[in-house]
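Right, one structure below, let's go through it.
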């Protein structure tokens, strides 16, 4: 352990950076030996604001509080309902002469989940569907990740067969959905739902050409129409399928 020392007092240098999720609670800690009659203060560097002295709070924001475990060297600053404004440096300071202190950099993050390759993915009929979901910045690794297809939980033991999921949990959790022998009925919306985090979705298109040398791509087009009288715009959505053959090449100019 590394300590800052001033006279008979010493302050253990804990982690100099902490990370927590938006709207959660964070606890910043200091370990101080031989405190005797000295006091512990917490200061926010962004506005040089004295937040707490001892167990007393010196801010109108009741999200902040000090905590001390009796008969220990353990002191905390607790911040509830974190916002992005709470990001920045905080200092645990002991009232020695000169004062000793330890700064902790707080970063506030939002949980984030995505399915790689989205929002649209195109798979050839008969090939293997391989969807990878990445979830990070959760308060803790998700206990489980659930996959949905068109709002139905994907059953790994369904009669369809060939479905498996591999999930690796950690600060960054990765879940792989594998579906063998893609069929047209496998197209649709896939959702990855980590239990304690936000979800992500992807639209999967199963491509089926008329011959092995042909492939298809889908173009989703919005057409806007406007009423002459009230000028209210409406939107109509069309999905076009355009087939390309590898035997010839075409150039279209607009």
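Every residue, even glycine, has its Cβ placed from backbone N, Cα and C.
Worth saying up front: this structure is predicted, and the values here are computed from it rather than measured.
According to TrEMBL, the feature domain 'Ig-like' maps to 26-95, 111-203.
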For the domain 'Ig-like' (111-203), the DSSP helix/strand/coil residue counts are 3 helix, 49 strand, 41 coil
Residue counts for the domain 'Ig-like' (26-95) under DSSP, helix then strand then coil, are 3 helix, 38 strand, 29 coil
Mean per-residue pLDDT in the domain 'Ig-like' (26-95) works out to 92
